[in-house]
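Some notes on the structure that comes next.
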Amino acid sequence: MREPTDDQLNELEKELRRAMPDYLARSPRPGETQSLLLSLQEEFNTLKEEPSALPAASAVAPSLYRLVRSQLLLYSWSFWLAGLLLLVLLLTSGSSGRFLGPGGLYSLLLPVLLFSGMAYSLRASNGAMRLLESITPYPPVLLLLGRWVIVLGLTVLLGAAGSLAVSFEEAPVPALEFLLGWLTPLVFAGGLLGWLLLWRGSTTALTVSIVGWAVQMTAAKAWTAGIPSWGLDGMALQGSFLAAGLLLAAAALVKATRLQPPSAPGGAR
């Protein structure tokens, strides 16, 4: 195909110049715009009177599962890795009855990890969590409970991993006694912490749950003073604290599922 010559291009330009004015549009004058709006006003009034065909937007109940999943990525893996390494170090350093038995170091370590994890997640310098708080539609108390679920769940997993490691060795204490020894203070402190987060805020919840944990550990130590194991009465005492912790945790979770998102400005409650 040959390229067009200059004469052909000039001829095409002339033809387009004659045809283009019919397609050019000028800016509307103010009077024309006003006339158009007045002619459409009747249609606008009709649309206002007609019921909307779209369903009214309703508040979506908050999902604790989705909230936990979104917050899980905000925790530094180095924190949990440090906790796991500490557990491994303590487990490999010895498995004496003083370490694994009633009131031993193992049962002290896990609640300390729980409180440290909550303090870490609530610190004011955590920019990622502050950003999540500023954009999330969830109630503030549900954000606290989401972090509580994460910290308590991961701490229980660490305790279970340690129990699994101990099960491969010849432990100096019965398995049930060892399990209750670390699970009871952890669940009792965790349940108390979760319940108080709903009503008293993070600072009071941490303080009171630490005091409650100290009371539970003191009662367990006083019960086993001078004896190598709990016996049936001691296990019943531990079981009572464990049941109380489970009830408090369950009550906190049930309350969390009933929380409603904040209403939009001007919207219906």
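Here the Cβ of each residue, glycine as well, is placed from N, Cα and C on the backbone.
Note that the structure is a prediction, hence the values are computed from the model and not measured.
Straight from TrEMBL, the features:
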type: TRANSMEM; residues: 72-91; note: transmembrane segment
type: TRANSMEM; residues: 103-122; note: transmembrane segment
type: TRANSMEM; residues: 142-166; note: transmembrane segment
type: TRANSMEM; residues: 178-198; note: transmembrane segment
type: TRANSMEM; residues: 205-223; note: transmembrane segment
type: TRANSMEM; residues: 235-254; note: transmembrane segment
Ranked first among 72-91, 103-122, 142-166, 178-198, 235-254 for CB pairs under 8 angstroms with the transmembrane segment (205-223): 178-198
Proximity of the transmembrane segment (235-254) to the transmembrane segment (72-91), 3+ C-beta pairs under 8 angstroms: no
Long-range neighbours of the transmembrane segment (103-122), counting only residues six or more past its ends (CB under 8 A): 75, 79, 83, 86-87, 90, 97, 129, 144, 147-148, 150-152, 154-155, 158-159, 162, 178, 181-182, 184-186, 189-190, 193, 202, 206, 209-210, 213, 217, 220-221, 224
